[in-house]
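Heads up, the thing below is written out as structure tokens.
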Amino acid sequence: MKFSYKFSNLLGTIYRNGNLVFSPDGNSVISPVGNRITVHDLKNNKSRTLSLESRYNYTNIALSPDGSLLIAVNEQGDAQLISMVSCTVIHRHKFQTGVQCICFSPDGKYFAVARENLVLIFCAPGEITGEYNPFVLKRSFLGGYDDVTWLDWSSDSRLLAIGCRDSSTKICAINYTTNFRTYNLTGHTDGIVSCFFEANSLHLNTISRNGQLCLWECSLAPSDLEDPEKPEVQAPKSRKLEQKDSDNESEDDVENVVEKQALKEDSAAIALDVNELKDEAVKKMHPFFYKKLARHYLADEPRKEQRDVQLTAANYNRRTKVLVVAFSTGAFYLYELPDVNMIHSLSISDYPISAAIFNCTGDWVALASREIGQLLVWEWQSEQYIMKQQGHSSEMTCIAYSSDGQYIATGGEDSKVKLWNTQSSFCFVTFSEHTSGVTGIQFSRNKKFLVSSSLDGTVRAFDVIRYRNFRTFTSPNPAQFSCVAVDYSGELVVAGGQDIFDIFLWSVKTGKLLEIISGHEGPVVSLAFSPVATSSTLVSGSWDKTIKIWNCLESNSEHETIDAVSDVTNVTFSPSGEEIAVATLSGNITIFDIKSASQVTSIEGRNDLSSGRMETDVITAKKNAQANYFSTIEYSADGECLLAAGKSPNICIYHVKEAILLKKFQITQNHSLDGLNDYISRKNLSEFGNMALVEQREEFEGGKVAIRLPGVRKGDMSSRRFQPEVRVFSVKFSPTGQAFAAAGTEGLCIYALDKGVVFDPFDLSLEVTPKAVHESLKKLDFTKALVMSLKLNEPNLIALVVERVPYRDIELVCADLSAEFAQRLLQQLARLLQSTPHIEFYLQWSCCLLTLHGNQDGVFQHTGLLALHEILSRKYETLNKICDYNKYTLRVLLDRADQLDQGNEESKSTMDGDSDDDMLLIRTKENGSSQMQFSDEEESATESEDDE
């Protein structure tokens, strides 16, 4: 088994915090998700998460006008310059404090960064500016007396509007302009939320938090601004001298020194605003000024429903002159400027809207809500959703793969069950029938339904095809269910009780309770059916330190008990059904033989989890690690390895027979979560000890730090500052063995095998070379060429050989292959089918392989067959959509053709047939020959007429 797994995608979390950005073509929206960035392709209905991550949650992102550069800043002020072409971090920059806003200029030469009440103007690296040193400071401005909340550039990228929390807006110029002066706009009674220039104009619109919209008219047009003949040098002399002194430093340190100098000289650079006038008399006579045209109160409409409503987000599309304003009630309104006519309104939720943005055409508006993690794209003209996605509002507790690995089902503490497509990464259905947290979930083998257990005392079966809850299983006495399992045939469902220590067995077809299985003396935390079709063995694990093996069909309540020494946290079957793996509270994983009930091996994994120290912990991380244990385990598809995780950011892969650790993954580097650090930082220590344990509020304000009790899994979510803890709730291997999923605090992380430049040959010898493969193809020895290409295991070479084989010779080549190479060829065909347009050709290869070698036992592995089935299912769905579209298109065309034929017949009946024959030169096949030719008599007649 290969272990080159790398982060592939992030599901289950759509939006966390920060602003949204549309791509320049308007077909993709970029969203910050915790410490990662996700790109939602709206045109192809796909989503992908970049593999890079930050040490803290992102709060602001900005995309360059050409879409090649992305600047992302986290909550600690760490900025990353990301190339969207290679999806890698080019440069890192550290701001002194957090950043409120970032904005690129329309021409792509500059980008502005708002930090507290300062605005820093940097030259953007690239061909436009000719500057390739990132974060080169050009100018800096003082925004106002309070923090800057919004930045907007004019269309010509010469002026910058700075909106502040002190209800003022400042207009600044990047370079010195003769007939321009720095101008302050006031008149709002609350903090500025947004301000926007009009297209090709200096007119401005400002919006405040209390819903006031002010329209400002400028006295000058952009073409009236005059540049001086000799622009003044903006950099101070002291900085030049300091840069000369730093020439002797190393090349690596120059960049950092310049950045530090730029930050130190913010105050000096602010004084260099040459456009600012001090003389009041000159100000009154200056030609540049703004005039307030109107003031509108946009919050009057939402205040009819809620009095204390506040405007939370706004955006303006200059092309269509449409303004979107979003409120804390979850409603948004569209207004047409400058008349301020409301043209559209919609309420999307009961929670505040955190971000709103138009795409370049103004047809789509993207809205996001931080409280519920919702992101939607709304087309306001046709009034329909382009995309509507929402993750679990609380933590994800359980996951399950479908039998072909195409779908993933997730259950959360928010009582929701969601289905995700692994290819598009979108949620396509949400079941909300449960009224309490979902504790377990599992697909049936035929992928037609899934079952979920909940603390609300029900086990529900959901139809995956029709998207409905078709069965609800309950117990005679109310019980909270902690786990659920479905047998191989999909006819039996079992669930374990958390407060009642029994196992309940139902029939899926009838929905009746068949049996109540008793025997455990503690909560039943895990159940697993045998994956073998001929077996009805059920294994249960409980906190009473026992594992029980039941045969629920042949003998009622008769079981075999295995002592687990410690409390059981999870049990799972091997793919062969011969062994079970048991995770216990002692931190060990024990393997038992299911027939003899004897222990095969034991894995000591407590030290591999390496749990960190929480903020309010009074014990060290080393002491914390002694209480670690695995809460979820899963066998790999081939049964050789075991995937295990728990209350830790680490996921471990163990070899079952050797009982050794093969590889360890750390799912996150996000220090915004609690529990990643092994030690308390010295900056958080004072003379009174750990600052997290020092309460700064008075006792009558709710003081006293609440120290968690031993065994508490979560902190106090009602506290003023709450940090989620790093934890992995569930791990599952894909049935194809090509990926595994881990449900953690940040969402559902998908890790796939890295198909990079890795040379992994099989049974290689000296004579097996690419040159020998090409020579065999020239000699038309296709079997030899195919075998050598499979030994080299080069995908491009295998594809070349497969497509060179003639269609009529495929069956003969497949018959000559040995069983070992037939399995490898099937895996390669499944991979090549993903992107090839030659579907029928590869289907012929698959059919011949399965026909000739499928009747032999042990030739094809289960993972290879599942991978082929997954690809064929996906191709079938794609072709089905195309065929349906073509079918209806052909119907429309044929109906149109019939209508035209009927119209032609009616017109012909009204006209004289002889005159028609004389006038028409081209006739249809039904009327005779395809072309009418003149007769000799007609020719002579026409000639005589011409002579006359």
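Note: Cβ is positioned from N, Cα and C throughout, glycine not excepted.
What TrEMBL says about this one:
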- 902-911: compositional bias 'Basic and acidic residues' (COMPBIAS)
- 935-948: compositional bias 'Acidic residues' (COMPBIAS)
- 793-894: domain 'Small-subunit processome Utp12' (DOMAIN)
- 225-254: region 'Disordered' (REGION)
- 902-948: region 'Disordered' (REGION)
- 389-430: repeat 'WD' (REPEAT)
- 431-472: repeat 'WD' (REPEAT)
- 517-551: repeat 'WD' (REPEAT)
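The repeat 'WD' (389-430): residue composition by secondary structure is 0 helix, 23 strand, 19 coil, according to DSSP. DSSP labels the residues of the repeat 'WD' (517-551) in these numbers: 0 helix, 20 strand, 15 coil.
When the domain 'Small-subunit processome Utp12' (793-894) is classified with DSSP, helix, strand and coil residues number 82 helix, 0 strand, 20 coil. With a threshold of 8 Å between CB atoms, the same-chain residues lying at least 6 positions outside the repeat 'WD' (389-430) that come near it are 9-15, 40, 45-49, 371-376, 436-447, 450, 452, 454, 456, 460, 462, 464, 467, 724, 727, 729-730, 732-736, 738-739, 741, 743-745, 747-748, 750, 866-867, 869-870, 873-874. Restricting the average to the repeat 'WD' (517-551) gives a pLDDT of 90.
Note on the repeat 'WD' (431-472): DSSP counts are 0 helix, 24 strand, 18 coil.
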